[in-house]
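**Q** Swiss-Prot feature annotations, pasted as is:
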COMPBIAS  1165-1201  compositional bias 'Basic and acidic residues'
COMPBIAS  1232-1242  compositional bias 'Polar residues'
COMPBIAS  1255-1277  compositional bias 'Low complexity'
DISULFID  Cys72-Cys129  disulfide bond
DISULFID  Cys173-Cys224  disulfide bond
DISULFID  Cys280-Cys328  disulfide bond
DISULFID  Cys370-Cys421  disulfide bond
DISULFID  Cys465-Cys514  disulfide bond
DISULFID  Cys554-Cys607  disulfide bond
DOMAIN    150-241  domain 'Ig-like C2-type 2'
DOMAIN    256-344  domain 'Ig-like C2-type 3'
DOMAIN    532-623  domain 'Ig-like C2-type 6'
DOMAIN    829-931  domain 'Fibronectin type-III 3'
DOMAIN    1032-1129  domain 'Fibronectin type-III 5'
TOPO_DOM  1157-1277  topological domain 'Cytoplasmic'
Amino acid sequence: MAHTQRQQGGSRGQWSRCLLLLLLLPLAAQPGRAAIQIPSSYYISDLKIPPAITTQPESVTVFSVEDLVMRCEASGNPSPTFHWTKDGEEFDPSSDPEMKVTEEAGSSVFYTLSNTMDTLKQYQGKYICYASNELGTAVSNAAVLMIDAPPVQQKEKKVTEKAEAGHSIALSCNPPQSSMQPIIHWMDNRLRHIRLSDRVMVGKDGNLYFANLLTEDSRNDYTCNIQYLATRTILAKEPITLTVNPSNLVPRNRRPQMMRPTGSHSTYHALRGQTLELECIVQGLPTPKVSWLRKDGEMSESRISKDMFDRRLQFTNISESDGGEYQCTAENVQGRTFHTYTVTVEASPYWTNAPVSQLYAPGETVKLDCQADGIPSPTITWTVNGVPLSATSLEPRRSLTESGSLILKDVIFGDTAIYQCQASNKHGTILANTNVYVIELPPQILTENGNTYTFVEGQKALLECETFGSPKPKVTWESSSISLLLADPRVNLLTNGGLEIANVSHDDEGIYTCLVQGSNISVNAEVEVLNRTVILSPPQALRLQPGKTAIFTCLYVTDPKLSSPLLQWRKNDQKIFESHSDKKYTFDGPGLIISNVEPGDEGVYTCQIITKLDMVEASSTLTLCDRPDPPVHLQVTNAKHRVVTLNWTPGDDNNSPILEYVVEFEDQDMKENGWEELKRVAADKKHVNLPLWPYMSYRFRVIAINDQGKSDPSKLSDLYKTPADAPDSNPEDVRSESTDPDTLVITWEEMDKRNFNGPDFKYLVMWRRVVGSGPDWHEEYTIAPPFIVTDVQNFSAFEIKVQAVNKKGLGPEPDPIIGYSGEDVPLEAPLNLGVLLENSTTIRVTWSAVDKETVRGHLLGYKIYLTWGHHRNSRAQEPENIVMVQTGANEEKKSITNLRPYCHYDLAISAFNSKGEGPLSEKTSFMTPEGVPGPPMSMQMTSPSESEITLHWTPPSKPNGILLGYSLQYRKMQSDDNPLQVVDIASPEITHLTLKGLDRHSHYQFLLMARTAAGKGLSIEILGATTLEGLPPANISLSAEERSVNLSWEARKRHRTVGFQIHYFSKNGTKNGGKWKKTEMVNSSLQFFQLQGLTPGSHYRLLFTYKNNTFWETEIQTKGTSVTEVQPSFATQGWFIGVVSAVVLLLLVLLILCFIKRSKGGKYSVKDKEDGPMDSEARPMKDETFGEYRSLESDLEEKRTASQPSLGEDSKLCSEDNLDFNGSSAVTTELNMDESLASQFSRHSEGPEPFHGVPDNSPLNPAANPPATNGAPSFLN
């Protein structure tokens, strides 16, 4: 079977498929290159496309005649033609009779027809494919064809090896020479692999190496199998016999030695990107361990690995940085050996900036970059359509740069060609085809017509106008809202044809037109400007204690057209999501709630308002702060008698600056006083000088304060005691508090114990008379105030002093003060008492001052007593009343106000001191003049008819004189312009008045005032209107139940209550009657009625009548299932009729017994029964035929009478409710129209509704006695 081997050659220079589709993609133009990219939206038909190699011919090694195939494929429009070169010469396979050529659209394939390998050898060489059309020629990579014979097994002699245990040995494989790299397998005769280890391994040369031999290594079937993948063959060598003889002596350990490679140094050359293996196979006993290191740097962990029990160092995709020195070290207990590899890495050429195919417009300058790298550096050469471009053949418009780039100036259509850039060094060659396609294309606007652009105020507006053509079209813009558009400094015409408007506003709204100059091509666009999003109230910075709840609020407003704005919260630029498990973060409208804040919650919180057009944000901070930690390390220093220095170290302020420190002390001898504040210290101080009291035992503590509160107290300082000293001060507020005559009481404020300054503290009290006693002081000691001196006469002046004393001495000398002995009551009353009447409620009182000698104390003032009895001509005697008015000590006249007009007063005056009052002066009497009266006590009204109102009132409680009559004022309330009507009532005895001729459609305001000789008094006001004739109810609604119908309606405001009836009959056949029934009279003021006793599932007709006229009718269906007529059955049998008759007879007897029992044992008073509980609203109606109506007048005639109601259809046997003829029943409410429906009381009303209010005890109140059947149900009561 023939075997072939195909190899990919020149992979770095392989030119990828150069389809025009790549040209149609928008590529980033490189510097100096004015290329054209045809957009996908540009319409063009039948565009010619330069050829491009799509399938490169491949290098191949041929081992049989069937393997020779060369293939080349290319694209282009029109389809390209192909030709070949072999070793630089033209080669036409179609002219060779040993070749067969197959050419189809876009491909060229040739293969050999030879039958022998010798014939094929003439075709060895380097082949290049050329694909051409009218736009140029593309060149393929070079493909190398090699002819090689497949490897064959050589005849060999059988090999036998002998060695002693512990020695090393290598079994040779010697694979035959071939262009293919073999794979070596050492196996036994059963094709089982020889077990490899760090002692036994296969070298890169294929040999099997033993670092040291064991007797069990002896065998006669060590076979080397050589595998060639390309030809799919395996060659098996002759088996080798290995005999390991045991040593007569104990095997001696041997230090490591290199088996492969030999010597201490080797050199390797590798190409960039290839795989390299370094190998160290060693011998020794015991088996050495092998390690690797790089002597001149670090080994790459990603590209370098170890294999074959660390005997091989493998480089994958080797790079230039891997070049250097590598050392393998073999080591056992006997020593170590080394081998050093020097690795040199070179590179075949590779692209760093490959040329790119482009389209160009005539007249443009084209720069074709072609940059490659390699070791050694490659040489750059250019060809055009496969023809070399030398320096001598360059036109003036063509030039080469030092970097290898080709520049074409002012390109024309004739410059359209395919340029080949080739980079070569000793390791290989790479080639790239690049198209220079000079083309002219008609202009087109690619942006759609009628686009609408929406922006917000202040944004930069970008209007698109994408055009394409060759040469490049020139565009301009016009606007309906901005004249001379491009002259506006905010407007910028972009190089891509777009329009940029900076800082847009509502004035920029309108239609904008993009035009291609020199043509009639244009598109329109509309610009809409919306209000920008604004944050009205940004979140505020928060400073909170741990555990509190933080609330950030972000209020904003957006344009109504910007729907569904997104409020996004961030913490330190990271999005915040609402917590559902621990409720840490909660979004509440515009608010962010952070519960139970902790140190991890500190940071910058940002609210972002995001719409589809803009985004605004505002940030704030959350700082956790707490009470400060207590100060530490308290020390008392610099003790100087009564001054010490207290030092401390501040604690942590917990993010809230210290405001101040509070120094507190505790006296160890007076712990009952607790801790007291001694001094406050500024926050920047860490020590303070403290003034102390003598004779005290101090302990100090310090508390820090910030805006979060006070810290815990610090630890206590050491105890410090101050020595005793004489008092520094005397008691304060020394005074006399003498109350009893002939006694001097000296008192003062007791001194604080800390001011005692020493032991044995007491007070020295000193006193002497101010006049007549000489300079001598009386002295006495005491331990507490007061100090009492007797026998000193009444109200005498003394000088008094109190001095502090202790065991160490006296306090400072005190200043004397004046004190007095006890007072007594004044002896005389004021004289010359006078009264001046100023008006009906005010008088002026005058008097002469009393003699100071008679006061016998400090005069504090005068007391004026006023006594009044009753008004003149008052209707009842009033009890006497006394009023006292107090004046100052220096006053001799006083105005007294708020007296009662038209009243008799007695007046007297006395002087008083701290001991009491002196005698009263002689009384003087006076009478106050008349005043205007107060308002009448009450006023109410009734309305006898639609044009009359009667007012009733009571006289004023304070007439303040003789009533002369009343004045009534009234007017319509519809407008302030209505004239005020005045009625004068001459007699004070009149207490009611009827006004006639009033407008039934108007509301009135009534004002009533009483009159005396002093004038009219205050008024009482009432609002009201007349009462209209009664009308039947309106807006009736109903709801059906199974056995009843609930009816409700609206009572007519301002109208008198009326009675109406409800007539009903069942439409379900004769079983339910088919006969009209009616309720008794229903009161329209109830607004609710329940029609009971109906049959479930039945259809009823209802008529509502008033004054024998039907004012509303309807039909209803009760809920539930109707009862169907029972078909004749056993119930018609004679025996069943007899049983029923017996039961009926028994029930009749039982009913008679019940009546007998009630007549004997249930006696009651006829009078009590007549006056007993009765539905005050329910009165039975006389028997009337259908359509008749009972008048209200007849109802009034039967008021206060009772009648027996008819028994209901569902009466229960022996039920007291049914036997008691005066119990509640289904009767209609009777109205007492004499009750004052229009009666109004003197209180504010907003309209005519109060005229129809019903008192609780009124017969019109449904809560008084609710009907039991066919009336309002009990739940309304």
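Using N, Cα and C of the backbone, Cβ positions are placed for all residues, glycine too.
On a predicted model such as this, the values are computed, not experimentally measured, just so you know.
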**Q** So which of the disulfide-bonded residues is most packed in, judged by how many other Cβ atoms lie within 10 Å of its Cβ, out of Cys72, Cys129, Cys173, Cys328, Cys514?
**A** Cys72
**Q** Can you tell me which of the disulfide-bonded residues Cys280, Cys370, Cys514 is spatially closest to Cys129 (disulfide bond)? Compare CA atoms only.
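**A** Sorting the disulfide-bonded residues by distance from Cys129 (disulfide bond), the top entry is Cys370.
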**Q** Which one is it: of the disulfide-bonded residues Cys72, Cys173, Cys280, Cys421, whose Cα lies the shortest distance from the Cα of Cys607 (disulfide bond)?
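**A** Going through Cys72, Cys173, Cys280, Cys421 one by one, the Cα closest to that of Cys607 (disulfide bond) is Cys421.
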**Q** What Cα-Cα separation, expressed in whole Å, is found between Cys280 (disulfide bond) and Cys173 (disulfide bond)?
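**A** With distance taken Cα to Cα, Cys173 (disulfide bond) is 18 Å from Cys280 (disulfide bond).
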**Q** Whole-number answer please: how many Å between the C-alpha atoms of Cys224 (disulfide bond) and Cys72 (disulfide bond)?
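**A** Distance (Cα to Cα, whole Å): 42 Å.
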**Q** Rounded to the nearest angstrom, how far is the Cα of Cys173 (disulfide bond) from the Cα of Cys465 (disulfide bond)?
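**A** Cα to Cα, Cys465 (disulfide bond) and Cys173 (disulfide bond) are separated by 76 Å.
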**Q** Which one is closest to Cys72 (disulfide bond) in space, judged by CA to CA distance, out of the disulfide-bonded residues Cys173, Cys370, Cys421, Cys514, Cys554?
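**A** Nearest candidate: Cys421.
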**Q** To the nearest Å, how far is the Cα of Cys421 (disulfide bond) from the Cα of Cys328 (disulfide bond)?
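**A** That comes out at 44 Å between the alpha carbons.
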**Q** Compared by Cα position, which of the disulfide-bonded residues Cys328, Cys514, Cys554 is the closest one to Cys370 (disulfide bond)?
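**A** That would be Cys514, the closest of Cys328, Cys514, Cys554 to Cys370 (disulfide bond).
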**Q** Return the single residue from the disulfide-bonded residues list (Cys280, Cys554) that has the minimum number of other CB atoms within 10 Å.
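**A** Taking Cys280, Cys554 as the disulfide-bonded residues, the minimal 10 Å Cβ count falls on Cys554.
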**Q** From the DSSP assignment alone, can you count helix, strand and coil residues within the domain 'Fibronectin type-III 3' (829-931)?
**A** 3 helix, 56 strand, 44 coil
**Q** I'd like the Cβ neighbour count for Cys224 (disulfide bond), meaning other Cβ atoms within 10 Å of its Cβ, all protein chains included.
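**A** Cys224 (disulfide bond): 25 neighbouring Cβ atoms within 10 Å.
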**Q** Which residue counts does DSSP give the domain 'Fibronectin type-III 5' (1032-1129) for helix, strand and coil?
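**A** Computed counts for the domain 'Fibronectin type-III 5' (1032-1129) are 6 helix, 47 strand, 45 coil.
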**Q** Enter the number of other CB atoms within 10 angstroms of the CB of Cys607 (disulfide bond).
**A** 25
**Q** Which of 256-344, 532-623, 829-931 shares the most C-beta pairs under 8 angstroms with the domain 'Ig-like C2-type 2' (150-241)?
**A** 256-344
